[in-house]
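Colleague: First, the structure itself, so that you have it in front of you.
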């Protein structure tokens, strides 16, 4: 955040107490608000210093700025970073001058300038360079080990010190050391010059005064008990800052220690408003001092006691970075600060500042003389006018004769698919366009060399597969859909064209929206949806709460797509998600380069464990409160604090690579249970999620060397499929066999053995004791071998089907049934010669006699079954087999079964790969929506499969879910649901949001200047159904809009701006306090704001920061719950442009509960009228004169609504609207006197 705080006038009564703010410190008149930013046109001109530049230094994206120094001879600012790089910038415009590396890996500790060049000190070297960047010398020796500081004593003499026991005297002209002086084991961290002494400071808080000639110790001052941070000396005063030793460590001293060098004693210390880290005397003042804190604040104080001192407090635009270094120019017109984020902040006291009053001229590089341009079509200028370089060898343009022959490009061969479906009419052949290239164009494939015998296993590119006739086009329902933006945003985009089902999809315009497929899968799982919508906790960023809010929106959006913006906002703050690589950046190529199959599988694992632990945490806190109330018989405050160590980590031992991640046991998914089954499980240890996803198992391990055995009872929420090596695949293996091996996998890995006292090969095995109602699987097709295994198993089934069809054909003359006809007539009619044509042919009898194509054999003979059944034995045996549609069981269970469970395939998440368009790769989910949801939403209790492609929803056949074409459609996630769970009644959803949300209002602002601009609702004022509530919201921009200029001069929006709510105001619409706000919350944000939109929002830098805000600052979740409560009880919201407000807030409000003045005062097929113009025209008031204010806008909207009701009662609405538009056209829709 970038703002400047001007000086505040304060008095010092009795020279004892400094009063910063008066009683009216929090109330500012119009135009007098103290916080301003450099990003806006109006700056605060009363401040002594203004921040004129904040820029990223060279290498700032990797290293922080460790040293800055103003050149004492020229108009240059020098910077050194933690990567050993030095850069100079010219003048107040910060034009880059020179840049060079002084050390490969050591940070630059200090920079000093002299007449001939610049000196850069690192940990073990001293580098001298000319200002133009030419190196002079590099010095290192055994005496230079932990160098920290240096000071030039004479034109050719300097002294260096560090965290070692000696000072080094150095001759710059000879580049050699001239002497060494011992300073004790504490060393020397800071060196300053004085007229009579050489002042040195050590890390233990002691300042030593030495003779400048002999360097012998004269005096010693113990300034701080902990450590010395910085000090400076001017005339007779020495001022220090540092740390004091405490029992629990060291703490920053808020007092600056001041010493009079004439009497060699301490005088009254000076108190500052910041935590001092660095300090400097201002060179042109005798008593001014600049004190800098680690967070980027700095204060200018006067060492002379004044009757009315000025408090000058400033803040750099550091955005939370730590300030590491700063310097002041010789004429005190500029200050420079460097932070650990690699940024440099420059403050100036003059509009056109200079660094030195008398500077030498800076030498710049000579401008390169450019030759006159020569047009490519210029036939007049002789080519001899172009200078030719001298070279001894042959010219590159002197080509050999064999390359000068005319060779005509051969015509590419015709696509075999085209030849196969060619229909000859005379000498002309007709064939359908396979979609490989555009009409009337022939694509010439570039010749590429490669190793002989290389063959692509799965042809996924249409252009590459046309030679062998294996071209497969991706159906439209699987393709990624690009949303076309306009001036109206997405309001004029036809979402209904892609969704005719009445279900609600999810928009995919926000970063990390790849997870939409999993969010939709969990939503259409009734038990999960009910558990999430019934959950509510006090944690600010809780994914379970945000999913509950999102699913509540989807329930009530009536087919219109929703945004998961609040969920993704909370998702970006979870550190585990970032550690697992689940957070994609906002760059366009981040998703293009991401491994989407691995990403969605990791997200599946992460989201199940995260919401499990969040619900578990909430239940643990609730149970604690209930037990405490029962014990103390009264209301108490919950002391429970969530700690990650109390629960199993979802990250395990770290992020593993994709292959090993799948191969290893998911230790992070294991939840400890009681070892004895007779002991009851604690109610806190289980919740709604663990009851339906947890597989109970016994993990056994046995040391191969010593035979030591052990076991433990665990539960697991998610399983990874593991596949056999291709060398072991000798025959057909069913999916049930693979699933059985994955659940009861036996592996040998090295683990610690207590008997052998070493890491030994240990056999690990699992025995399943109970299967869950919902079985969640990650397919784990991460390598070509896994994909080849799937393909081979599908080939086995197709080959078996073909053999069965051939034997049937030999035994009976009846034709083999062909693919089902689509009902559409074929474009070639009865002349069609295509094999396996799926269209109707007029006059052709026996459509079913068409031979079966391979594509339909793969479609009808899937390796993945739709129904399976499993039995668990008493001793952990597991028997899984396919269950037919008729329910016949062909296999008998070979053991005594303790659990028999039947599963139906519930959902599949697939990766859609389009190699021709890497930016179009996609994730879709195929979900079997049950009869309960159909009956509740559409009124028809049916079961139907759908493809959910973000906001595109298409009904499909059940076979579509288990059919895969591995060149473009790859399964990633499988969810199986038991028949018993499906037959249970629909779970009840308890609304967790109650009236208590208005009683749990906490202000996050910590500045001490808190302004309350609203009156909370009393118990008698609680609104009821049909009551009016005026509302308005203000927003800030997190990401700017991305657009491109088209050839016709119009702009095309590629990605809209990402907005975030910053302020929400709700006003009473009736009652004795009508027009009084009862909600006026500023929303705290941890994300970087690129534009506060102050002119349109009234939000200023610092308003949303808890450290500096004087507003009523809350979390988005807290205010969101208040709005949800108002929506649930049925209030009517009055406002202007509420549709966009609710969209950014991420809240769905029924249309009957919204009264929008933008629609009340609107004529069809005419422009929308602004609130500012409506207020001037109807209410004769002028609003939004300087900035927008949500309280003012909400009150104005309420008054306009009452005015509309009066017009409606008198029948004057039509005439008033006609007069409104006539006045608007005459005034060009501008309010006189304000624009």
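Including glycine, each Cβ sits where the backbone N, Cα and C put it.
So TrEMBL says this about it:
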type	residues	note
DOMAIN	504-979	domain 'USP'
REGION	803-825	region 'Disordered'
COMPBIAS	813-825	compositional bias 'Low complexity'
BINDING	1032, 1034, 1141, 1193	divalent metal cation binding site
Colleague: Using Cβ atoms only, which residues of the same chain lie under 8 Å from residue 1141 (divalent metal cation binding site) while being at least 6 residues apart in sequence?
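Modeller: When sequence neighbours closer than 6 are ignored, residue 1141 (divalent metal cation binding site) has 1031, 1032, 1033, 1135 within Cβ distance under 8 Å.
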Colleague: Among all protein chains shown, how many Cβ atoms are found within 10 Å of the Cβ of residue 1193 (divalent metal cation binding site), not counting that one?
Modeller: 26
Colleague: Using other CB atoms within 10 angstroms as the count, which residue among the binding-site residues 1032, 1034 scores least?
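Modeller: Output over binding-site residues 1032, 1034: least Cβ neighbours within 10 Å is 1034.
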Colleague: For the domain 'USP' (504-979), what's the model's average pLDDT?
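Modeller: Averaged over the domain 'USP' (504-979), per-residue pLDDT gives 78.
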Colleague: Which are the residues of the chain, 1032, 1034, 1141, 1193 excluded, whose CB is within 8 A of where the CB atoms of the divalent metal cation site average out, their centroid?
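Modeller: Here the non-site neighbours turn out to be 1031, 1033, 1063, 1064, 1065, 1135, 1136, 1137, 1188, 1190, 1194.
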